[in-house]
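Novice: The structure follows.
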Amino acid sequence: MAALTRDPQFQKLQQWYREHGSELNLRRLFDADKDRFNHFSLTLNTNHGHILLDYSKNLVTEDVMRMLVDLAKSRGVEAARERMFNGEKINYTEGRAVLHVALRNRSNTPILVDGKDVMPEVNKVLDKMKSFCQRVRSGDWKGYTGKTITDVINIGIGGSDLGPLMVTEALKPYSSEGPRVWYVSNIDGTHIAKTLTQLNPESSLFIIASKTFTTQETITNAETAKEWFLQAAKDPSAVAKHFVALSTNTTKVKEFGIDPQNMFEFWDWVGGRYSLWSAIGLSIALHVGFDNFEQLLSGAHWMDQHFRTTPLEKNAPVLLALLGIWYINCFGCETHAMLPYDQYLHRFAAYFQQGDMESNGKYITKSGTRVDHQTGPIVWGEPGTNGQHAFYQLIHQGTKMIPCDFLIPVQTQHPIRKGLHHKILLANFLAQTEALMRGKSTDEARKELQAAGKSPEDLERLLPHKVFEGNRPTNSIVFTKLTPFMLGALVAMYEHKIFVQGIIWDINSFDQWGVELGKQLAKKIEPELDGSAQVTSHDASTNGLINFIKQQREARVQ
């Protein structure tokens, strides 16, 4: 594929931006088109609620949207989409298919990898998960002293942690009959130590989530958990009742003491950051119940079908992707804020920080050449309204343009005080996108200060600080209620957005070589931290840091 910057459709878009980009003014666009909302919004109607994507508060015209859709066609988005769904090995650096869509393929149509339908294997693992969940949640599965399981501890890192953690937090209202869940990921001993102090070994079930069963952080934490458990249980055979594995390495799992019957498999065509739909989601299913886990899969499958079959100009993931391309590659925006107005979604931005940045944080194209344009943005965010009292100042009046996605459910899980809390939340959600779009003109600010009785001197002094330029772009994503189905649909929507952007940039969104170099160097440094001998084998900075750490290790601290 030709480089993006040499694509005639992209050059046409850039030319339009150079000639007209500075003239785009959201206030004027809304004044000129009273139907702008209808022209630039999309409603997705499912049997489990609706999703409204309002992208009218973006710096776009109908011409811009047409050019963006033409760019998607020119870059081969439709053909690439089919290649993914058909099980072709689009992860070309690792020679793997990319089939998280198969994990939630509720229509059960055949999906082939190397000529073999993967769906029987997918369904077999789902059936095994269902049976296991029913045994644990019903109390049929007992610990070594005969107690039922009250706590499930997922030990994993990256994709084996962020997805299940985000989902179990988001679906807390659906967990009333399930065990508590805990997530341990960090190699920092504080994480496992603090967690274990709150647990009873007799009623704890550990899930060790590691495809290879060799991930250093995960296996170190798992061994620490096993050591803690055996201090109480004494008998190593008791491990089988309290530890299960999400892995493909039967030998290592057996060596650890886990019964291979309690090993849940997944496949090399499941990328870590797309794995919550697989056996990696076992902690989700245990916490909220397998029926709700299936609803999560069904919501994602609904979005998969929408993404695969809907024309690009009405396709929610495609539109989100194209708007991102517009801001990153024409306006030069470097970050993207995800701002969910729902406390249950407090890990949503962190989840897609990995989903987006590990997928599209690349500078090498499929042909092995360096890109000459920007790729993946820095993704960040916090729940509303907390963020309003933290970083929105910079979004409103800072020197950087930060495109934002605002998300909110119409119905709350907690309509306390006759819905007062949620009404205030909704009002703030609506006010922020209007404020970012409209801003406040000099005349409006002056009238406001005059009405407040400010003296002419105070008025002139304060006036420039009270002006908001506005013209800050946002998407509003409003959905009926945060149910398992709806969460599945929202997550899949953003997954496909990331995929589309990767295709347009001609990068591989499904490998992560960038995490390897640091791990290699850490293995070399680890033995150098032993003893007190000065280290001189690195650059001056790294040597200095190692030697300072060695010197301070035994220092007495008051």
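Just so you know, glycine gets a Cβ as well, placed from its N, Cα and C.
Since we're looking at a predicted model, the values are computed, not measured.
Sharing the record's features from Swiss-Prot:
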ACT_SITE  Glu358  active site, proton donor
ACT_SITE  His389  active site
ACT_SITE  Lys519  active site
BINDING   Gly159, Ser160, Ser210, Lys211, Thr212, Phe213, Thr214, Thr215, Gln354, Glu358, His389, Lys519  D-glucose 6-phosphate binding site
MOD_RES   Ala2  N-acetylalanine
MOD_RES   Lys12  N6-acetyllysine
MOD_RES   Lys34  N6-(2-hydroxyisobutyryl)lysine
MOD_RES   Ser107  phosphoserine
MOD_RES   Thr109  phosphothreonine
MOD_RES   Lys142  N6-acetyllysine
MOD_RES   Ser185  phosphoserine
MOD_RES   Thr250  phosphothreonine
MOD_RES   Lys454  N6-malonyllysine
MOD_RES   Lys454  N6-acetyllysine
MOD_RES   Lys454  N6-succinyllysine
MOD_RES   Ser455  phosphoserine
Novice: What does the structure give for the C-alpha distance between Ser185 (phosphoserine) and Gly159 (D-glucose 6-phosphate binding site)? Integer Å is fine.
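Specialist: Taking the Cα atoms only, Ser185 (phosphoserine) lies 10 Å from Gly159 (D-glucose 6-phosphate binding site).
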Novice: Considering Cα atoms only, can you say which of Lys12, Ser107, Glu358 is the nearest neighbour of Ser455 (phosphoserine) among these recorded positions?
Specialist: Lys12
Novice: Cα-Cα, whole number of Å: Lys454 (N6-malonyllysine) versus His389 (active site)?
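Specialist: The Cα atom of Lys454 (N6-malonyllysine) is 26 Å away from the Cα atom of His389 (active site).
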Novice: Just checking: which of Gly159, Ser210, Thr212, Thr214, Gln354, Glu358 have a Cα that is within 10 Å of the Cα of Thr250 (phosphothreonine), counting only these recorded positions?
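Specialist: Checking Cα-Cα distances against Thr250 (phosphothreonine), the recorded positions within 10 Å turn out to be Thr212.
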Novice: Neighbour count, 10 Å Cβ-Cβ cut-off, for Ala2 (N-acetylalanine): what number do you get?
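Specialist: There are 12 such Cβ atoms around Ala2 (N-acetylalanine).
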Novice: For D-glucose 6-phosphate, with binders Gly159, Ser160, Ser210, Lys211, Thr212, Phe213, Thr214, Thr215, Gln354, Glu358, His389, Lys519, what's the maximum Cα separation in whole Å?
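Specialist: If we measure all Cα pairs in Gly159, Ser160, Ser210, Lys211, Thr212, Phe213, Thr214, Thr215, Gln354, Glu358, His389, Lys519, the largest is 43 Å.
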Novice: Could you measure between Lys519 (active site) and Thr214 (D-glucose 6-phosphate binding site) for me? Cα positions, answer in whole angstrom.
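Specialist: Here the two Cα atoms are 13 Å apart.
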Novice: Would you find the one among the recorded positions His389, Lys454, Lys519 whose Cβ has the most company, meaning other Cβ atoms within 10 Å?
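Specialist: Answer returned by the neighbour count: Lys454.
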Novice: I want to verify one value. Collapsing DSSP to three states, which class is Ser455 (phosphoserine)?
Specialist: coil
Novice: Which of Lys12, Lys34, Lys142 has the fewest nearby Cβ atoms, counting only those within 10 Å, among these modified residues?
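Specialist: Each of the modified residues Lys12, Lys34, Lys142 was scored; lowest Cβ tally within 10 Å is Lys34.
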Novice: If you measure Thr214 (D-glucose 6-phosphate binding site) to Glu358 (active site, proton donor) at Cα, how many Å is it?
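Specialist: Between the alpha carbons of Thr214 (D-glucose 6-phosphate binding site) and Glu358 (active site, proton donor) there are 21 Å.
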Novice: Which of the three DSSP-derived classes (helix, strand, coil) applies to Lys519 (active site)?
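Specialist: Going by the DSSP assignment, Lys519 (active site) falls within a helical segment, counted as helix.
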